[in-house]
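Over in TrEMBL, the protein carries these features:
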DOMAIN    A:9-204  domain 'ABC-2 type transporter transmembrane'
TRANSMEM  A:20-41  transmembrane segment
TRANSMEM  A:47-66  transmembrane segment
TRANSMEM  A:95-118  transmembrane segment
TRANSMEM  A:130-152  transmembrane segment
TRANSMEM  A:159-179  transmembrane segment
TRANSMEM  A:216-236  transmembrane segment
């Protein structure tokens with residue numbers, strides 16, 4: 001456990017040394033907040049709160065897909081990773097450290113969204129709802145972490161960058177993150193429940209308001225988690241087999 | 001006491017056999033050189049000994065255990081490749097990070113001082129020169145107060161002064177009772193440091209003997225000259241023609257020159273040089289393979305250039 005924290009600390013340190021990397025993961029959600037939410041949510045407190053929750057989901061998704069997808073793929077290409085395997089620790093502290101650092105980065109990327117919501121919109125949230133949202137963020141980080149790991153462990157870094165960029169926008173748009181609940185265009189209403197972003201954002205909406213969750217979205221979110229876990233696990237074992245067996 | 005051992009260790013990558021039934025015992029207090037051209041299996045053998053890879057058949061032991069068990073690696077050290085250092089971390093941070101894995105690490109200042117890079121502690125590794133990175137990489141092998149260190153081509157790319165300083169550091173560790181397995185393409189480096197040398201070629205142990213014995217074994221000279229046509233000469237172990245220059249490999253250059261003169265052939269630009277180990281071993285083990293041809297070689301006295309061909313094994317990962 002102590003070693004996991006050490007690994008997390010140095011991974012964060014490496015990330016912070018290139019500040020633009022921080023800006024990157026927080027940029028899209030914050031920009032979407034400024035362009036789509038602030039001008040249009042007006043004085044409606046519920047609309048603003050739901051829109052903020054959607055942008056938080058957006059941020060959780062993009063941060064995790066990018067940081068794991070690209071970070072893991074780049075690390076796999078470096079001889080530093082195998083060197084660390086010769087130290088008297090197994091692969092576990094490095095992996096646990098990566099997840100801890102990933103959670104910290106996720107929380108950091110949310111700060112601009114939450115600050116913009118508090119300052120520039122009518123979005124308001126009660127203490128218990130804030131805690132519920134906090135817990136929900138950790139839950140909805142799971143499928144996107146797995147998606148990032150699946151990309152990072154199965155693709156070389158140049159391909160991982162492209163795939164991460166290709167998947168994140170359709171997931172956000174198709175999942176209805178850019179529209180208020182029930183106001184998405186028709187075709188998005190049709191496909192959204194089948195995307196992991198929809199189940200995730202509905203959980204967030206339920207945490208910050210009294211949104212009735214669509215069971216289909218939740219079931220599909222569960223299916224996504226199982227499938228992504230299987231792909232990530234397969235890719236991880238294949239990578240271990242190639243490099244360390 | 002045996003600190004590390006390979007018993008009939010074999011490693012295949014797909015169809016390629018990188019290591020073929022290798023036996024090796026490393027005794028406490030030894031400084032052993034591991035010699036061989038790229039692709040000989042040096043890195044594969046090291047990766048088995050430090051637990052990065054599994055044997056396909058046979059077995060390896062490290063400090064009485066399985067190297068794949070982290071506990072067995074507590075008292076070993078290994079050099080990372082310099083290209084692998086995280087570029088944004090400072091030198092001191094890299095040392096602290098690696099130190100965190102050991103129960104009783106060498107204090108940072110002492111470690112960096114021993115390798116002459118204590119003034120670099122605040123620098124990011126990405127901004128270091130190749131030589132500075134190399135020294136840091138070698139220093140990292142010693143951070144956990146190891147009994148046994150594996151140094152994979154520790155001085156590749158260093159200038160003369162830096163190489164000698166690193167050698168001093170390695171000698172000091174050995175003088176204090178440490179055990180070293182050091183891989184290199186350079187006979188000179190092995191001669192300067194090691195007492196015993198293990199020569200690998202195409203995954204096999206070709207020789208495992210004292211440095212003197214192996215030096216005699218590889219005492220092959222390259223006699224180069226420009227001549228239209230050469231008669232068959234005794235004692236020639238190999239002939240190459242590159243860009244109009246004929247290169248003859250022989251263990252007795254003096255006799256060869258006498259024979260040349262005696263034969264009456266008109267030749268010019270005669271040159272006699274020590275060969276690379278690769279040349280020497282390919283000549284001796286009569287295994288002239290694809291990587292033996294057409295490689296101009298120079299093994300200088302002080303500044304060996306990297307004369308060996310590129311690693312051509314497809315399934316081999318980055319040298320570790």
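Any Cβ shown, glycine's included, is placed from N, Cα and C.
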Given A:20-41, A:47-66, A:95-118, A:130-152, the one sharing the most C-beta pairs under 8 Å with the transmembrane segment (A:159-179) is A:47-66
Residues outside the transmembrane segment (A:95-118) whose C-beta sits under 8 Å from one of its C-beta atoms, at least 6 past its ends, are 1, 3-12, 15, 22, 25-26, 29-30, 33-34, 37-38, 48-49, 52, 55-56, 59-60, 62-64, 67-68, 71-72, 137-138, 141, 145
Beyond a gap of at least 6 residues from its ends, the CB atoms lying under 8 Å from the transmembrane segment (A:216-236) belong to 142-143, 146-147, 149-150, 152-154, 192-196, 198-200, 202-203
